[in-house]
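Below you'll find the structure, written out as structure tokens, and then a few comments.
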């Protein structure tokens, strides 16, 4: 994306490239110790700094010179964020940095991933061991299948867990994860034809979940591994059918089983892209960069007072300071599309409903594929099972998710109208002030229609170049000559753009959207659970119940993915509640004579999915809160340096 000199919006693209231009260097200017650079003395000092960084911009109060200086400072900070992100050379498709930065990021991410990888391996070892011990009681294992199950799959996680304690291998945790998960997936895929079992391999679906967002593999490698597992499953099952004959799964069976695996891979890939983009942004914000000076304030990011453990509650993940938590909540839906914008801009909240558009479209597409699955598997069966599926998918789930977007649209429009209403009184004051200035002899508006000062089309570094003072005076004179243009500037850049009323409205709107999203998630999971019980309790379709369990598990994980923006504590609470009710219902309904412990097997899968989902949503919310802290500190650093240079410029 080319930077044309005007202010641009950093949306979900990783960076905005800036052209290299002439700038003055002030490396020799002595720097005082700022609030950012001081050690942690006061309890709420870090919270006050974060609130200051996210406060409404003060661009009208004061003189024309001060107003222009503040507007230029805001633009300068925005462009410095663009530059600091652009220096890594991130690819928007693979999310890989340029080689020199990618090496550093790889070391950074793998060193931090050791504890989480260790936990994943431990859980994987326990889960696979329990699964194969249980499965060994149900069917006969040959020596070959026992070796594959216990000697390869279980030991892959066991050996991987032990190797995480080897210091020399701490920089290869990603490789350990890829090898371990690939081995286990290969065993699960191979055991199905070796045992001539029909139906999907549910543990394989569970295995796909932690690939995206739990193991901290880089996006490119987790995507390659996920799609490799899916295509390997399809290939092995189709080839095995040629040797096992009609007693094995048909081509259509393999295809519809693969739909659920594909949904897990696609939704995980989309969520992981967004998660790693945020993680890489956090990494870039910690990097020293050559901006206006050879020095860099990034050492402030290492101060203990800015550590997340001192700012955030460990259990709820909320900021300890209520005011900071409210500020973060107002920023919740804006972090991904507008990461470096001031969260107080009303126009951003007006379009916040677009944030979930891809998630809503993904759900609609998934339900369409699953409806085709219902038609092929259930339309010939009695009790109108296919019709029940159509009604739940199109009449309940799709409508619920579409209504979420509509609800957020209505809330955003209502807030924008409230913001306009709060401006009414200020507009009247600005108009009366303009009339007073006119009575005192200030000239009438000029015929020039363009009120925008020339710095808006100038490179951001030119603000410290020569000749700025005269330009600024000329721009200020232009504004003084035009009360109407001054009125427009006051409307766009008002110092008191966030009153207590609008702040409360923002917080209330976000919480309302979260509650509505929680209800939609509950409806989605309840519909998938209903389909599971309808199919599992019907004698004609009982053999298909595993496929519909996969649909319920995908719905459970979807609530924890970042696309729908449900906060961690809400996602864990609602999925645990619906999961508990589903397990209790299964314990009373799913006890067929051929498999009396079917409910227990399903309950185990549901519990594992809930644990993995909680890990995903916790990781994603932690990344968002870390970004909020880092962005706030960097914003203050850029503001400090801008005002220092401005003071030097004023003395020249």
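Just so it is clear, glycine is given a Cβ too, placed from its N, Cα and C backbone atoms.
Just so you know, TrEMBL annotations never went through curation; they're auto-generated.
Listed in TrEMBL for this protein:
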| type | residues | note |
| --- | --- | --- |
| TRANSMEM | 113-134 | transmembrane segment |
| TRANSMEM | 140-163 | transmembrane segment |
| TRANSMEM | 175-194 | transmembrane segment |
| TRANSMEM | 200-217 | transmembrane segment |
| TRANSMEM | 224-242 | transmembrane segment |
| TRANSMEM | 254-273 | transmembrane segment |
| TRANSMEM | 355-372 | transmembrane segment |
| TRANSMEM | 392-411 | transmembrane segment |
| TRANSMEM | 515-536 | transmembrane segment |
| TRANSMEM | 542-559 | transmembrane segment |
| TRANSMEM | 571-590 | transmembrane segment |
| TRANSMEM | 596-616 | transmembrane segment |
Taking a Cβ cut-off under 8 Å, which residues six or more beyond the ends of the transmembrane segment (254-273) line up next to it in the same chain?
95, 199-200, 204-205, 208-209, 211-213, 219, 222-223, 226-227, 229-230, 233-234, 237-238, 241, 358, 362, 366, 369-370, 373, 376-377, 547, 550-551, 554, 557-558, 561-563, 616, 620
In the same chain, which residue numbers or ranges, 6 or more beyond the ends of the transmembrane segment (113-134), come under 8 angstroms Cβ to Cβ?
149-150, 153-154, 157-158, 160-161, 164-165, 170, 173-174, 176-177, 180, 184, 203, 206, 210, 214-216, 601, 604, 608, 611
Let me check one thing: do the transmembrane segment (571-590) and the transmembrane segment (515-536) come into contact, meaning three or more Cβ pairs under 8 Å with sequence separation of at least 6?
yes
Give the nonlocal contacts of the transmembrane segment (140-163) in its own chain as ranges (CB under 8 Å, at least six residues past its ends).
117-118, 121-122, 124-125, 128-129, 132, 169, 176-177, 179-180, 183-184, 186-188, 190-191, 194-195
State the residues, same chain only, that lie 6 or more residues beyond the ends of the transmembrane segment (355-372) and have a CB under 8 A from a CB inside it; answer 'none' if no residue qualifies.
259, 263, 266-267, 270, 333-334, 336-337, 389-390, 393-394, 397-398, 401-402, 404-405, 408, 524, 551, 554, 558, 561, 563-565
Mind checking which residues reach the transmembrane segment (224-242)? Cβ under 8 Å, same chain, six or more beyond either end.
178, 181-182, 185-186, 189-190, 192-193, 201, 204, 207-208, 211-212, 217, 248-251, 254, 257-258, 261-262, 265, 268-269
Honestly, do the transmembrane segment (596-616) and the transmembrane segment (200-217) touch, with at least three Cβ pairs under 8 Å and pairs 6 or more apart in sequence?
yes
Can you tell me which parts of the same chain pack against the transmembrane segment (200-217), counting only residues 6+ beyond its ends and a CB-CB cutoff under 8 A?
109-110, 112-113, 116-117, 120, 124, 127-128, 131, 173-174, 177-178, 181, 184-185, 188-189, 191-192, 225-226, 229, 233, 257, 260-261, 264-265, 268-269, 271-272, 275, 546-547, 549-550, 553-554, 557, 561, 605, 608-609, 612-613, 615-616, 619-620
